[in-house]
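Listed in TrEMBL for this protein:
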type     : residues : note
COMPBIAS : 7-26     : compositional bias 'Low complexity'
COMPBIAS : 35-46    : compositional bias 'Low complexity'
COMPBIAS : 504-518  : compositional bias 'Basic and acidic residues'
REGION   : 1-48     : region 'Disordered'
REGION   : 489-526  : region 'Disordered'
TRANSMEM : 65-86    : transmembrane segment
TRANSMEM : 92-111   : transmembrane segment
TRANSMEM : 132-156  : transmembrane segment
TRANSMEM : 168-185  : transmembrane segment
TRANSMEM : 197-215  : transmembrane segment
TRANSMEM : 268-289  : transmembrane segment
TRANSMEM : 310-334  : transmembrane segment
TRANSMEM : 346-372  : transmembrane segment
TRANSMEM : 546-564  : transmembrane segment
TRANSMEM : 576-597  : transmembrane segment
Amino acid sequence: MLEGLGSPASPRAAASASVEGSSGPAACPPPSPSSPRSLESPAPRRGGVRASVPQKLAEALSSQYGLNVFVAGLLLLLAWAVHAAGVGKSDLLCLLTALMLLQLLWMLWYVGRSSAHRRLFRLKDTHAGAGWLRGSITLFAVITIILGCLKIGYFIGFSECLPATEGVFPVTHAVHTLLQVYFLWGHAKDIIQSFKTLERFGVIHSVFTNLLLWANGVLNESKHQLNEHKERLITLGFGNITTVLDDHTPQCNCTPPTLCTAISHGIYYLYPFNIEYQILASTMLYVLWKNIGRKVDSHQHQKMQFKSDGVVVGAALGLTALAATIGVVVVYLIHIGRSKTKSESALIMFYLYAITLLMLMGAAGLAGIQIYRMDEKSLDESKNPARKLDSDLLVGTASGSWLISWGSILAILCAENHPSYTWYNLPYSILVILEKYIQNLFIIESIHREPEKLSEDIQTLRVVTVCNGNTMPLASSCLKSGGVAEDVAPRGTDTPPAANGNVHVREGCGREDEKQEESSWGESPSPSCLLCFLQGNAKRKVLKNIAAFLFFCNISLWIPPAFGCRPEYDNGLEEIVFGFEPWIIVVNLAMPFSIFYRMHAAASLFEVYCKI
């Protein structure tokens, strides 16, 4: 929160104010009426209650508006997917284009108003819109724009029989993507305090517009995957299970045909990145919506820094898993659907690979949780919309995989005939449930812990080592007082320099006399203090290696379902037990959440790695 403009009466008062902060009413001078503090200070209780009612109503009205837009868009998506009478793809694209244009108008108005008042101080949420998150969304946005260019090329090739909306939509989407990334880079951390009712509607409209674009991408990609699955089933002789292909190919020739075929295949390989972009944008905008009108304290979030030292083991194992995943996916896609024997061997290979990787990930997560159990450090329970959203998304999106896994387990138990690969599917499904359960516990506890302050701890431990061989009570007393060498040592004494950068302390740890204190300079650190220091440093390195390993493993497990390696489609057992259409509906509903979980878990683990 802003400091008051009034200055203390004396240097002593200034020092007292800087130390005590806002610990009590008497610690702060009364702010002047024109100061920023007076504008942000809480009103009297009666007025505060009156002021909160319109804001709560605005929040409820805006959320209901967004939900209605989302539900209407979903129904239109469903109507197009099931070929409802009178509903075509042009109607869906018109709605999405109109929503994007409305969001563009709001973003332009917000950016213009912010530029006009750029000299005014604006509150920021330091937890929101991290640099690595904005970098990730920029990468996905670039690929989304490439996808839009391919769609424009596809429209040009089939321009004779495609409506104009097929060309207008990708152009609008590209412009929308460019401006939205610029908006998120500059304003994702904003805590909006003016025009709050209008801004709530603008931000929530942006959230659900991105969610509808995400749902549209998921539907298009799922229809493509389903067509490929039906083709494989027909090749393997299961034509009686499936129905005709859901083909949306234009009824005219494309020129040149080779280029059009390449563009058509390239579009679906880029859809996973577009899907991730839309969901990331919607989550960042949701945090912006939650921050509107929020009161923040003066505590500043410690800036996280990425350091790659000491994580050779975790990074090497993670990169090995990533390379193995790419190889498994390539072999799987080559062999699946070629023949019954090759399909079963591809399924067995995938299950063995996934079982091994999930067991390693579960063991790493349990090790991290056990390390946290040995450290009795309190958790940070302060209000933080970004952190709460991360935790909710981890648990919510994990339910997609849990739904598919429990369906597979039930199908295995109820099936009359069990092919050879069935018994690999059973441990795989169980491990998917357990691994996500363990990983969620590790990530949620990690993001609720305060960042370690290694430099101050090392400095304090070194001071304690110089002062006394018995360091345990001294370490606690020095740490509680926040003492570093410069703060503890009296200014009037001469302190001899040390070769290792330590500072000699005479009175800060005054349990030893001067003679014993001076003789300690020639002695080596005590084994107990050195062991304590090594244990603390080793704990950080182990946690960093665990976070790095799990980060690469989650990216590895994101790749197979995102690029067509989906044994839930191809093993056929669940489709026999539940029926083709019911099981396909379950997979199509749950798989997008499962894919997003892996990418979101990787992002959360990157944040955990930077905090450790």
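Just so you know, glycine gets a Cβ as well, placed from its N, Cα and C.
Where the annotation comes from TrEMBL, it is an automatic prediction and has not been curated.
Panel annotation: around the transmembrane segment (92-111), residues 69, 73, 76-77, 80, 165-166, 168-169, 172-173, 175-176, 179-180, 182-183, 186-187, 199, 202, 205-206, 209, 212-213, 216 of the same chain, lying at least six beyond its termini, place a Cβ under 8 Å from a Cβ of the stretch. Of the recorded ranges 65-86, 268-289, 346-372, the transmembrane segment (310-334) has the largest number of C-beta contacts under 8 angstroms with 346-372. Below 8 A, the CB atoms of the transmembrane segment (576-597) and the transmembrane segment (197-215) form no more than two pairs separated by six or more positions in the chain, fewer than 3 in all. Cβ atoms under 8 Å from those of the transmembrane segment (197-215) belong to residues 54-55, 58-59, 61-63, 65-67, 69-70, 73-74, 77, 96, 99-100, 102-103, 106-107, 109-110, 173, 180, 275, 278-279, 281-282, 285-286, 288-289, 292 of the same chain, restricted to positions at least 6 beyond its ends.
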